[in-house]
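K.L.:
Under the heading 3-phosphoshikimate binding site, Swiss-Prot lists LYS20, SER21, ARG25, SER166, GLN168, ASP312, LYS339. The phosphoenolpyruvate binding site feature in Swiss-Prot is assigned to LYS20, GLY92, ARG120, GLN168, ARG343, ARG385. Residues or ranges marked as active site, proton acceptor in Swiss-Prot (evidence: sequence analysis): ASP312.
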Amino acid sequence: MKLLTNANTLKGTIRVPGDKSISHRAIIFGSISQGVTRIVDVLRGEDVLSTIEAFKQMGVLIEDDGEIITIYGKGFAGLTQPNNLLDMGNSGTSMRLIAGVLAGQEFEVTMVGDNSLSKRPMDRIALPLSKMGARISGVTNRDLPPLKLQGTKKLKPIFYHLPVASAQVKSALIFAALQTKGESLIVEKEQTRNHTEDMIRQFGGHLDIKDKEIRLNGGQSLVGQDIRVPGDISSAAFWIVAGLIIPNSHIILENVGINETRTGILDVVSKMGGKIKLSSVDNQVKSATLTVDYSHLQATHISGAMIPRLIDELPIIALLATQAQGTTVIADAQELKVKETDRIQVVVESLKQMGADITATADGMIIRGNTPLHAASLDCHGDHRIGMMIAIAALLVKEGEVDLSGEEAINTSYPNFLEHLEGLVNA
């Protein structure tokens, strides 16, 4: 498709879709709790739909009237063996988190995914879940999907130091630990998004958190809840960057999630000199309205504990850095290599094709700004965040056309992204 180019200004108000991470977890907790859970503002992207379909196949009644998703929870003990393979599509979150649930079930399941998911490492969950007593391995390759998983009702507690900073691995172990008899201890390498921990408490469970240590007991009773999902800051990030780099822009983003483990992009943007203001803060839901204005930006350095707080935003931050004065360094971000694509390689190649001065490193990128971008023909590579990054980059192109292939990947997390983009350009 031909993307919008040469934007003079962006103006408007957007309500971004519900947070993908929270939507997945709300569906899972609703299914493994007793009683009814009602969820408002769920993201209805392809990844979350994979999670919904998986629990339907395991006997959970889930209704969607277009506004509210209602889940009639069955508890861990009420899940039943699916008749077919569990197809997780492109969703690594679905596969890893649901593997933690399945570890405590006595039936055998095979989980499959698309070509992209079939290249993503699963040994990071297979190893600790095997230590707990589940049998899990790749069908054709030990470390990659499809995964065959045989759970057990005799799952053992675990004491485990996470070798990578991964909220998905942590969450898989938490779901497994809830099905043990005894106390588990999970120690993070760096603090990652804590939606699973927050939601356990919302559903009536208990855990103890001290620094990077999480302790929890198995056998807890979880009870259905009413949940409102805030907007996804990872989706809002594209509009934040667009507003900062297109002259005279003024964008208002309503109901954006501001969980402290996810707001790294706000800290980085402020450090770079970006004009971004928070208002209408809701401390219960952890959401706020963000107002973004065009800004003159300075380069920065992003590494260490900051990386897990903005790992999904790094592609669009790389674009932001092409428009900042000076050299931006992104380091300690090797996790980007095992996302939907090798995001280090694909971001660097895509932006280079558009004229950016950007270099890949073993664990990140070096970006020298500021540089004008030019027309090119590009591909999403099956990665929603790459597609949206390119669409924002195209707005800076003054002459010629930007062609994007595989734009359907954007539906993974933001089905009406291109419609919202058109609204901002034509306001």
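Backbone N, Cα and C define each Cβ position, glycine as well.
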K.L.:
With Cβ-Cβ distance below 8 Å and at least 6 positions apart along the chain, what are the contacts of ARG120 (phosphoenolpyruvate binding site)? List them in sequence order.
P.N.:
GLY92, GLY113, LEU144, PRO145, VAL338, LYS339, GLU340
K.L.:
Can you grab the distance from ASP312 (3-phosphoshikimate binding site) over to ARG343 (phosphoenolpyruvate binding site)? Cα atoms, rounded to a whole Å.
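P.N.:
ARG343 (phosphoenolpyruvate binding site) has its Cα 10 Å from the Cα of ASP312 (3-phosphoshikimate binding site).
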K.L.:
Is it possible to get the count of other C-beta atoms within 10 angstroms of the C-beta of LYS20 (3-phosphoshikimate binding site)?
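P.N.:
I count 25 other Cβ atoms within 10 Å of it.
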K.L.:
For ARG25 (3-phosphoshikimate binding site), what residues in its own chain, 6 or more apart in sequence, show a Cβ-Cβ distance under 8 Å?
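P.N.:
Looking at Cβ-Cβ distances below 8 Å from ARG25 (3-phosphoshikimate binding site), excluding near sequence neighbours, one finds LEU97, SER171, HIS195, THR196, MET199.
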K.L.:
Do you know offhand how many angstrom separate ARG385 (phosphoenolpyruvate binding site) and LYS20 (3-phosphoshikimate binding site) by C-alpha?
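P.N.:
Between the alpha carbons of ARG385 (phosphoenolpyruvate binding site) and LYS20 (3-phosphoshikimate binding site) there are 13 Å.
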K.L.:
Just name the winner among SER21, SER166, GLN168 (the binding-site residues) by count of other CB atoms within 10 A of its CB.
P.N.:
SER21
K.L.:
Can you tell me how many other Cβ atoms are located within 10 Å of the Cβ belonging to GLY92 (phosphoenolpyruvate binding site)?
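P.N.:
Summing over all protein chains shown, GLY92 (phosphoenolpyruvate binding site) has 21 other Cβ atoms within 10 Å.
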